[in-house]
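What TrEMBL records for this protein:
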- 7-384: domain 'Serine hydroxymethyltransferase-like' (DOMAIN)
- LEU119, GLY123, HIS124, LEU125, GLU242, SER353, ALA354, PHE355: (6S)-5,6,7,8-tetrahydrofolate binding site (BINDING)
- HIS227: site 'Plays an important role in substrate specificity' (SITE)
- LYS228: N6-(pyridoxal phosphate)lysine (MOD_RES)
- 351-370: region 'Disordered' (REGION)
Amino acid sequence: MDYSHVRDVDPAVADALEGEVDRQRDTLAMIASENHVSKAVLEAQSSVLTNKYAEGYPGKRYYAGCTYADEVENLAIDRAKELWGAEHVNVQPHSGTQANMGVYLAMLDPGDKILSLDLTHGGHLSHGHPANFTGQLFDVEQYHVDPETGYIDYDELEEKAREFEPDIIVSGYSAYPRAVEWETIQDVADDVDAYHLADIAHITGLVAAGVHPSPVGVADFVTGSTHKTIRAGRGGIIMTSEEYASDVDKAVFPGSQGGPLMHNIAGKAVGFKEALQPEFEDYAQQVVDNAETLAETFQDHGLKVVSEGTDTHLVLVDLRESHPDLTGGDAEDALDSTGIVLNANTVPGETRSAFNPSGIRAGTPGLTTRGFDEKATKEVGDLIYRVVDNHDDTDVLAEVAEDVQGLTDEFGLYE
Ligand SMILES: *Cc1c(COP(=O)(O)O)cnc(C)c1O
């Protein structure tokens, strides 16, 4: 990475940027929502399109000089339609949360009712949490996963829907390791005359590659992020049918955003093109295979894996049975000290706080981008277990850090 121009102007920021390049290269990014984009996506995202105002949509802009902005946005839209098979796509949301905001603003009025999964069971802030605008503007009721099985309790969801009569049901999650039954939820939404928003932020890439069932064409609205399992740079996306197209577009601009981040839309276009190549299906399948390997490795060591496995890119571990004195936060810190970067997470039936919960969440998208296969992923699973089991033994932590360095050297990044 060349940050020489930044260095000339601002050595402090250049130091931080170069430090971050080294940090990403020398650690294992296992935060399930993170990944590493290609140099092509990085270039597009840092392009001169950051200078361009392009309020409006291709062909209907409020500014002159939008020839190339239109070209780039149309490419992003066309490729997204091809990737996910959507009738209508809006690529302007600045993030996944903004994409959700676009849908709520298009279809709901303040005071309307949202039925969504409890945050501590794997939901997302933008699905109705009191600290988020959704919890402040809307009336929110929540469904849960079955604490015994770790799977969505679809019966409870249906009961809650009948009692609460929501205006919208939100599916799609942040810490749910299993395939979601989109049709089951759509049927409930139809029965109670609610819209259905499927937020596939975490699994956009898995859905695009066909390794996870798709809600596109099932749910009324599908939102996603473009930087998690698909490597198209930070941002959001909304997919819907022609029926709701203009409501959604108006809710994004001018409803809740100003000028689109055209440089990010260029990154989306390039990342979507990469995802349309046949290799992307292999990548997505490897992400899931690696997550399964990680789950099995943890189970072989006696750790409790929520839902006894995974169908996706992530594994959720409940530490309470095997390590009752170890919090997720302490495990996160011990792992971080060895170069394994993942996050503490709440688990179904959480008994600690959301700030220092009882579980850890580990994802494989970043490792798989670096070329990790099942064998290398099993090594990482073994290392994670060693840290969890010896979290206050500095000798063990130093040995694990050396092994992590061996792996990050073997599987390079941005070379
Ligand atoms: C990550 C995530 C989002 C998007 O988050 P942003 O940080 O706003 O891009 C939205 N919904 C779910 C379920 C998520 O996990």
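A Cβ is built for glycine as well, from the same backbone N, Cα and C atoms used for every other residue.
Remember, TrEMBL labels are computer predictions, not curated facts.
The structure, with features from TrEMBL marked on it.
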| residue | record | DSSP class |
| --- | --- | --- |
| LEU119 | (6S)-5,6,7,8-tetrahydrofolate binding site | helix |
| HIS124 | (6S)-5,6,7,8-tetrahydrofolate binding site | coil |
| HIS227 | site 'Plays an important role in substrate specificity' | coil |
| GLU242 | (6S)-5,6,7,8-tetrahydrofolate binding site | helix |
| SER353 | (6S)-5,6,7,8-tetrahydrofolate binding site | coil |
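Taking CA atoms as the reference points, GLY123 ((6S)-5,6,7,8-tetrahydrofolate binding site) and the residue listed as 'N6-(pyridoxal phosphate)lysine' are 16 Å apart. In this structure, the binding-site residues that sit close to ligand 1, with a C-beta under 6 angstroms from any of its atoms, are HIS124, chosen from GLY123, HIS124, GLU242, PHE355. Here the Cα atom of HIS124 ((6S)-5,6,7,8-tetrahydrofolate binding site) is found 16 Å from that of HIS227 (site 'Plays an important role in substrate specificity').
Listed binding-site residues: LEU119, ALA354. The one with the lowest count of other Cβ atoms within 10 Å of its Cβ is ALA354. Within its own chain, GLU242 ((6S)-5,6,7,8-tetrahydrofolate binding site) has GLU87, HIS88 as residues 6 or more apart in sequence whose C-beta sits under 8 angstroms from its own. When the alpha carbons of HIS227 (site 'Plays an important role in substrate specificity') and LEU119 ((6S)-5,6,7,8-tetrahydrofolate binding site) are compared, the span between them is 21 angstrom. Spacing of LEU125 ((6S)-5,6,7,8-tetrahydrofolate binding site) relative to LYS228 (N6-(pyridoxal phosphate)lysine) is 17 Å (Cα to Cα, whole number). Look at the recorded positions HIS124, HIS227, LYS228 and count other Cβ atoms within 10 Å of each Cβ; HIS124 has the fewest. Of the recorded residues, LEU119 ((6S)-5,6,7,8-tetrahydrofolate binding site) and LYS228 (N6-(pyridoxal phosphate)lysine) place their C-alpha atoms 19 Å from one another. A sphere of 10 angstroms centred on the C-beta of SER353 ((6S)-5,6,7,8-tetrahydrofolate binding site) encloses 12 other C-beta atoms.
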